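Some notes on the structure that comes next.
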Amino acid sequence: MALPIVAIIGRPNVGKSTLVNRLAKDRQAIVHDQPGITRDRTYRPAFWCDRDFQVVDTGGLVFDDDTEFLPLIREQAMAALTEASAAIFVVDGQLGPTAGDREISDWLRRQKVPVLLAVNKCESPEMGLIQAAEFWELGLGEPYPISGIHGSGTGELLDQLITYLPSPDELPDREEINVSIIGRPNVGKSSLLNAFLGEQRAIVSPISGTTRDAIDTVVERGDNTYRLIDTAGIRRKKNVNYGAEFFSINRAFKAIRRADVVLLVIDAIDGVTDQDIKLADRIIDEGRAAIIVVNKWDAVEKDSYTIYDYKQKVMDRLYFMEWADIIFVSAMSGKRVENIFELVDVAVEEHRRRVNTSVVNEVLEEAVKWHSPPTTKQGKQGRIYYGTQVSSQPPTIALFVNDPKRFNDNYRRYIERQFREQIGFPGTPIRLLWRGKKTRDVEPSLNRATKV
């Protein structure tokens with residue numbers, strides 16, 4: 001469902017992200033005692049009474065300073081307003097009206113979006129009314145005293161807010177496919193997001209660490225709705241300092257868990273690095289479908305064999321993800337970017353796919369016929385009784401055997417390859433659970449391939 005959008009606007013460090021966390025009933029927006037933590041516009045689902053909507057956290061607005069990312073942050077805030085049904089202008093009740101507040105309120109009065117004035121940091125109900133009264137001078141109507149930390153006063157604010165939102169009957173009902181964009185810093189994740197959208201939703205800069213939050217953006221292609229999640233670049237743990245970057249990386253890992261499909265973005269110039277391999281490991285650990293996106297392909301000198309050779313190099317390093325499709329794109333030019341959606345659709349379908357028990361056992365019967373289970377040094381042979389798919393997302397097949405310990409890694413890889421060859425499952429990992437027939441104990445194994 002395409003939910004109505006509410007933009008959260010205000011100066012740096014007035015508590016916008018704290019209010020977003022309060023409204024969204026989570027702590028996904030990064031809150032840190034440092035101005036400028038939020039840079040891109042980030043989307044969070046929220047609700048009040050019987051109304052669902054999205055709150056959009058934006059960077060702190062400063063009109064009289066063009067250093068660093070501030071002009072780009074202004075663009076993001078303006079873009080958020082253009083798609084919003086309403087806006088909440090957050091000010092600091094402890095400081096009182098500032099020149100920056102007056103400048104933003106003058107700008108907001110020229111917009112065609114209804115604006116509610118939230119006076120934050122009013123921790124005392126009695127003092128809050130006095131603090132809020134000072135903000136009548138901004139000319140934006142009634143100031144609502146609130147506490148983003150404790151939640152006081154937000155009920156009255158939200159009661160008024162939902163009067164500006166479209167009714168649920170006016171909203172299309174569609175299932176969303178969650179797609180997380182993951183990669184090292186500066187491989188082009190935000191550029192890829194912007195290429196999907198045809199606009200600059202995420203701030204793009206040659207400086208590593210530009211993206212801080214996991215940015216949610218909803219787009220539609222054909223009959224499908226996709227929630228694209230851009231994330232902070234993930235560096236080696238020893239290079240990460242505690243603070244905003246630490247929280248950003250945690251958000252990125254959570255974004256992998258939220259995803260139906262993960263786009264693992266690799267820099268075509270650098271190739272597959274050790275950090276890329278660790279990210280691929282994380283994707284498999286979480287059981288997510290995945291597509292390997294080789295970005296900056298326009299910067300590579302090519303001949304008729306380049307793609308084949310490069311693909312082989314990628315697979316040599318990411319051999320345990322041989323099931324994932326690889327696509328070569330240029331986010332800057334947009335070349336082949338739209339083709340990613342076709343691969344996403346296939347990966348999602350396979351990730352959710354269920355196979356009849358009869359089909360599973362036909363594959364097992366044929367596999368055992370061609371290659372019998374191994375025999376131990378004591379002369380005891382492994383035996384597979386039957387198999388059945390027990391879950392999806394990722395597809396998980398339980399194999400009931402006489403003794404899981406009698407099946408070595410080579411044979412387990414062989415059985416997985418047979419399922420891949422006979423059934424498919426492109427774009428998604430599969431898990432095989434080897435269960436003893438008597439004990440029915442599940443051996444904790446992801447059945448990950450190892451290089452032979």
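Cβ coordinates come from backbone N, Cα and C, glycine included.
Over in Swiss-Prot, the protein carries these features:
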type: BINDING; residues: 10-17, 57-61, 120-123; note: GTP 1 binding site
type: BINDING; residues: 183-190, 230-234, 295-298; note: GTP 2 binding site
type: DOMAIN; residues: 4-169; note: domain 'EngA-type G 1'
type: DOMAIN; residues: 177-352; note: domain 'EngA-type G 2'
type: DOMAIN; residues: 353-438; note: domain 'KH-like'
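Of all Cβ atoms in the shown protein chains, 24 besides its own fall within 10 Å of the Cβ of Leu61 (GTP 1 binding site). Counting in whole angstrom, Gly183 (GTP 2 binding site) lies 23 from Thr58 (GTP 1 binding site) by their C-alpha atoms. The DSSP breakdown of the domain 'KH-like' (353-438) into helical (H, G, I), extended (E, B) and coil residues amounts to 31 helix, 22 strand, 33 coil. DSSP assigns Asn13 (GTP 1 binding site) to coil in the three-state reduction, placing it in neither a helix nor a strand. Closest in space to Thr58 (GTP 1 binding site), of the binding-site residues given as Asn186, Lys189, Thr231, Trp297, is Thr231, taking the CA atom of each residue. Of all the binding-site residues listed (Asn13, Thr231), Asn13 has the fewest other CB atoms within 10 A of its CB. When the binding-site residues Asn186, Lys189, Thr231, Trp297 are screened for a Cα within 10 A of the Cα of Cys122 (GTP 1 binding site), none qualifies. Among the binding-site residues listed (Asn186, Lys189, Thr231, Trp297), Thr231 has its Cα nearest to the Cα of Gly10 (GTP 1 binding site). Taking the C-alpha atom of Thr231 (GTP 2 binding site) as reference, the shortest distance to any of the binding-site residues Asn13, Lys16, Leu61 belongs to Lys16. Between the CA atoms of Asn13 (GTP 1 binding site) and Lys189 (GTP 2 binding site) there is a gap of 27 Å.
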